[in-house]
Amino acid sequence: MSKGFFVDTTRCTACRGCQVACKQWHGNPATPTENTGFHQNPPDFNFHTYKLVRMHEQEIDGRIDWLFFPDQCRHCIAPPCKATADMEDESAIIHDDATGCVLFTPKTKDLEDYESVISACPYDVPRKVAESNQMAKCDMCIDRITNGLRPACVTSCPTGAMNFGDLSEMEAMASARLAEIKAAYSDAKLCDPDDVRVIFLTAHNPKLYHEYAVA
């Protein structure tokens with residue numbers, strides 16, 4: 001059965017446990033960075049960073065709020081990145097029937113028009129390595145979930161912000177949580193729930209969290 005995530009940003013504390021767990025499980029190196037006077041680190045996705053907690057300070061109702069957004073690939077129902085890559089090589093990006101995972105393979109390095117693949121993503125997720133055209137992003141921890149384990153990011157979350165299971169279960173959980181918080185947050189919404197397998201809940205306008213929070 002198709003899988004999915006429910007990401008409840010109202011429960012995210014920006015501990016970045018998900019970000020660290022993702023790197024540890026995939027054996028990816030830390031990103032060289034510098035102190036910019038802001039807490040978000042690294043500043044953006046890269047070839048070795050598939051999960052990133054974005055942090056934005058916003059003035060809401062006359063007070064400063066810190067908004068956290070644990071960003072990742074949405075594993076779209078109809079992934080435009082794959083549709084674009086398929087024009088060159090239908091095996092460069094795989095859409096797994098069993099899980100719904102959108103998986104970038106090493107064959108992406110042979111795609112000449114990699115820029116079109118990247119720009120096709122409405123969430124600005126894929127990144128390429130400097131040495132070639134090979135691209136990478138969240139792989140849904142497909143090696144874990146096909147062996148009965150949850151994704152690394154989900155197992156590390158201490159607050160219940162990250163959730164994973166059958167897509168129908170995640171959709172129901174997201175809808176129930178939205179109804180629960182609507183009284184306190186009138187602008188709360190689910191981000192593109194009909195188009196993605198990673199459903200984000202935001203308490204405020206999604207664009208306050210990240211420019212590409214919604215398509």
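In case you wondered, yes, glycine gets a Cβ from its N, Cα and C as well.
The following features are taken from Swiss-Prot:
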BINDING   Cys12, Cys15, Cys18, Cys157  [4Fe-4S] cluster 1 binding site
BINDING   Cys22, Cys138, Cys141, Cys153  [4Fe-4S] cluster 2 binding site
BINDING   Cys73, Cys76, Cys81, Cys121  [4Fe-4S] cluster 3 binding site
DOMAIN    3-32  domain '4Fe-4S ferredoxin-type 1'
DOMAIN    129-168  domain '4Fe-4S ferredoxin-type 2'
Inter-residue Cα distance where the pair is Cys18 ([4Fe-4S] cluster 1 binding site) and Cys153 ([4Fe-4S] cluster 2 binding site), in Å: 4
Intrachain residues whose Cβ lies under 8 Å of the domain '4Fe-4S ferredoxin-type 1' (3-32), provided they are six or more past its termini: 39, 42, 46, 48-53, 55, 66-70, 72, 75, 99-101, 138-141, 144-145, 151-167, 169-171, 173-174, 177, 181, 185, 188, 197-203, 209
Distance, Cys73 ([4Fe-4S] cluster 3 binding site) to Cys18 ([4Fe-4S] cluster 1 binding site) (CA atoms, angstrom): 14
For the binding-site residues Cys12, Cys18, Cys22, Cys138, Cys157, the one whose C-beta sees the most other C-beta atoms within 10 angstroms: Cys138
Same-chain residues at least 6 apart in sequence whose Cβ lies under 8 Å from Cys15 ([4Fe-4S] cluster 1 binding site): Pro158, Thr159
Cys121 ([4Fe-4S] cluster 3 binding site) CB neighbourhood, other CB atoms within 10 A: 20
